[in-house]
Amino acid sequence: MAITDIFQLNNNDKWERYCDLLYSDDSLGFWLDISRMDVAINDFEDFNEIYSKAFDALESLENGSIANIDEGRQVGHYWLRNPKVAPSAEISDSITKEIQNISKFGASILNGEITNRHGKKYTDVFWIGIGGSGLGPLLIKESFKRESIGLNLHFLDNVDPEGISHKLNSILPNLDSTLFVVVSKSGGTPEPLIGMEQAMKFVLDHSQNWSSRAIAITSKGSKLDVLANNENWLDIFDLPDWVGGRTSITGAVGLLPAALIGADINKFLNGASQMDALTRVKDIKNNPAALLSLAWFKSGNGKGLRDMVVLPYRDRLEVFSRYLQQLVMESLGKKFDRDENQVNQGIAVYGNKGSTDQHAYVQQLRDGIDNFFVNFIEILHDPLEIVEVKNKRPGDYLSGFLQGTRSALTEGGRQNLTITFKSFDESSLGALIALFERAVSLYAELINVNAYNQPGVEAGKEAATKIIKLQKEIEELLDDGKQRTLNEINDALSSDSTESIYLILRKLSENSDHYSMIGNQSNPDKLIISKT
């Protein structure tokens, strides 16, 4: 049924459709409404066979099958919140032990059992991680950090020199009471490695010890693991090779920051585990992740033809759209399917928060190009300390704006769905994350792509490595002090990209007095390059 047809229904028919398509679970205080999406009741029967295969595939994954074929790895982030479902006692025991270690470490930091060199409590954490190793912890912080409780978190998630300088200098007043966390599965990823080296130099330049306040989250036996052990870092937590960065938030990557800000990590894990249980049901209509993935599939005709706009009506979920960008787009954005057919799949994700966005891009959503669906996220419970003033309750207005925007979009024929939680806490965030993780897994089965590899990301890393190698070759060539044109440099290095050489030298000449580019930049082919 088209969304325009839905809006034309009379009230009784709309209410009947709403009730037929509404999913709810009392134990989680959770509702999912897809009645304003392009989903028909008979879709449950029509999609039964393909979902039966998808459910079996997800069950096989949880049982330990090799899901990441490219790397020959299992995919086990679901085990992190319920070690009992892990495929071996060894894995189960290691997960349980790691949760206990993180809880104990967090408590020891917060209660002052572990202190800095002066016997004072730690006050801050400088977190170095890229992608999911940074976005997950940031989501945890934004969701649960409260003033005067726990440590203050600062994030370094890029190699922007200006950003590195600003963020390191911002912690200088509390440097003596700052912990440093470095997250890297392999220990060789350039961004966290460079961030670690800069942070380490900053600490040592200020005559302080690095290893006594440094913490690693990495795979056992990795370069970072070896370094942390050799230098006797404060602690090391495990990032198993069967956990991908974009699904690492229920492991040490998310649990450690949660523990350090005083959040309840067991409640967080239980919420995710409860949602996992709900989404193991092999019946589309009674499985919220299946309903969500079906709505995505029908909306974009199984080809990602519509973007996903994420609109949480809660400030603490403002970064959730960024978190979902990686989870959804890195998992589903694939050139080839599992049978090597070129499919160019994916769903684009963007968003911010309501009601702020009603004064921004919602104008286009209502009246512009119809190439999206909106995912509203609603929280019912409001904090008691915000009371009615002059006959106005902020929560009533927030809810009114959500309902009004929903209605306006539906009236305009724009598809939308709503996820509602009774309250927002560690449990509901865990459940929300698990819901999307499992919807992504099911959707990937529908379109026959591998949700657990990232060949495009790897291609970008390889290309960046080639550029760094080319820069070193350019620097070595110019060490003789001779003047050369860009074409002469290109020929000398047998390069296939004069443009790359130009871009490298333009950057070098701006940041070093040793390199000069003589001539008119509007005619780069005439420039004379030299090094003094």
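Here the Cβ of each residue, glycine as well, is placed from N, Cα and C on the backbone.
Per Swiss-Prot, the features are:
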- GLU330: active site, proton donor (ACT_SITE)
- HIS359: active site (ACT_SITE)
- LYS461: active site (ACT_SITE)
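Ranking the active-site residues HIS359, LYS461 by how many Cβ atoms sit within 10 Å of each one's Cβ puts LYS461 at the top. Sequence-distant contacts of GLU330 (active site, proton donor), defined by Cβ-Cβ distance under 8 angstroms and a gap of at least six in the same chain, are ARG246, GLN454, VAL457.
DSSP classifies the residue listed as 'active site, proton donor' as helix under the three-state reduction. HIS359 (active site) sits 38 Å from LYS461 (active site), taking the CA atoms of both as reference points. According to its DSSP assignment, LYS461 (active site) is helical. In this structure, HIS359 (active site) is part of a helix by DSSP.
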